[in-house]
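Here is what TrEMBL says about this protein:
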- 193-358: domain 'Hflx-type G' (DOMAIN)
- 199-206, 224-228, 246-249, 312-315, 337-339: GTP binding site (BINDING)
- Ser206, Thr226: Mg(2+) binding site (BINDING)
Amino acid sequence: MEKALLVEVKLKSDKTPVKESIEELEQLVTSAGAKVAGVLTQQKDATDIKFCIGKGKVEELKELCRTTEANIVIFNNELHPSQTRNLEEALGIKVLNRTELILDIFAQNAFSREGKLQVELAQNEYLLTHLTGHGIELSRLGGGIGTRGPGETQLELDRRIINTRITKLKKELEKVKISRETARQKRKSSNMVLISLVGYTNTGKSTLLNSLTAASVLTKDKLFATLDPVTRRLYLPSGKTVLLTDTVGFIRKLPHTLISAFRATLEETIQANLLLHVVDASSPYMEDQISAVYNVLEELGIVSKPIITVFNKTDKVTDKNYIEEMKQKYYPSAAISALNKEGLKDLISLLDEQFLSS
Ligand SMILES: Nc1nc2c(ncn2[C@@H]2O[C@H](COP(=O)(O)OP(=O)(O)OP(=O)(O)O)[C@@H](O)[C@H]2O)c(=O)[nH]1
Ligand SMILES: [Mg+2]
């Protein structure tokens, strides 16, 4: 198992408290299957051009790598390829940044053909935007494309290879999309209402789908357990049947390449008549997570769809007044425990009300 040292340079402009962002990075690291060996943070006005962290900190980091026997360093900041290279040369071990870590988790959790194609597309698009004149990053990330740099020729070659691969992946995805489109058209012609579960990763979307329908989607205390969308029928007391889709979760600073590569997966959400926004009410960072989800919805152009906010994991919340307060603030909303199947009746009635007029 890899032992990772986590590093974050906290800029004054970044409003997320360092405790919150490091806790999340730790979750990402364990979700990727690695162990956290230690944490190093630094407050700075601007990141260092050569190493991202200050030069003095590089020495500190080197020592920390030695004492903790870490074999990988993971930055929560976006690193320029040259910064990654400088750090790797100075430390003598592999350096990754947050986006690469998230891409790795996605790669591990992609099981369907479409999911795998989308992850590979995102990886290649990421590579394309992180090429330098050295071509080294390509070999560093594996995939066997190109080697350390004979300069421009190599770069152009790498660029060409990646572009060819991207075109091929997009074509493959188009094919998969056609069969999925047929299924969607069929659903559309049946005039059924589409509801999509959205929310921050690990808030309990899949658990809720399982509790509301007879689905058996994998649920895990890990980030990005679900990548492939799953749709199930849900029968409402009024006699109406709706289709409920569970899909990939969101996170703050979700890499743009992932959003664009996962457009097909998110198509269900884009087409939905209503969004059920599942929120982890037991998280101390709940409201930050809510706004991160809204940012992604905005990026997808669907923030104005009708949204019901579902406060989940209320079994872990002792302050019931707080839940009431939040329910008022994010009206219309429901408070549930998807795990213990509490509050589901109220949620279902709320859904029924939404569609009385339709
Ligand atoms: N205590 C408690 N835990 C819950 C509840 N709902 C879900 N969980 C737990 O939270 C973790 C994440 O649940 P999932 O349903 O996999 O969450 P998700 O939103 O689908 O997560 P991703 O697919 O990874 O984005 C699991 O360990 C669940 O058992 C709840 O109501 N109460
Ligand atoms: Mg899930």
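Even glycines carry a Cβ here, placed using N, Cα and C.
Caution: TrEMBL annotation is automatic and unverified by curators.
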Neighbouring C-beta atoms (10 Å sphere around the C-beta of Ala225 (GTP binding site)): 19
Distance-selected binding-site residues near ligand 1 (C-beta under 6 Å), from Ser206, Thr226, Asp228, Val248: Ser206, Thr226
DSSP-derived class (H/G/I helix, E/B strand, else coil) of Asn202 (GTP binding site): coil
For Ser206 (Mg(2+) binding site), nearby residues of its own chain (Cβ under 8 Å, 6 or more apart in sequence): Val217, Leu218, Thr219, Ala225, Thr226, Val230, Asp246
Listed binding-site residues adjacent to ligand 2, that is, members of Asn202, Lys205, Asp228, Lys313 whose C-beta is under 6 A away: Lys205
Chain-internal residues near Gly199 (GTP binding site), provided their CB is under 8 angstroms and they sit 6+ positions away: Lys205, Gly249, Phe250, His277, Val278, Val279, Val293
Mean of pLDDT values spanning the domain 'Hflx-type G' (193-358): 94
The one of Lys205, Lys313 whose CB sees the fewest other CB atoms within 10 Å, among these binding-site residues: Lys313
Neighbour tally for Ser337 (GTP binding site), based on other Cβ positions within 10 Å of its Cβ: 22
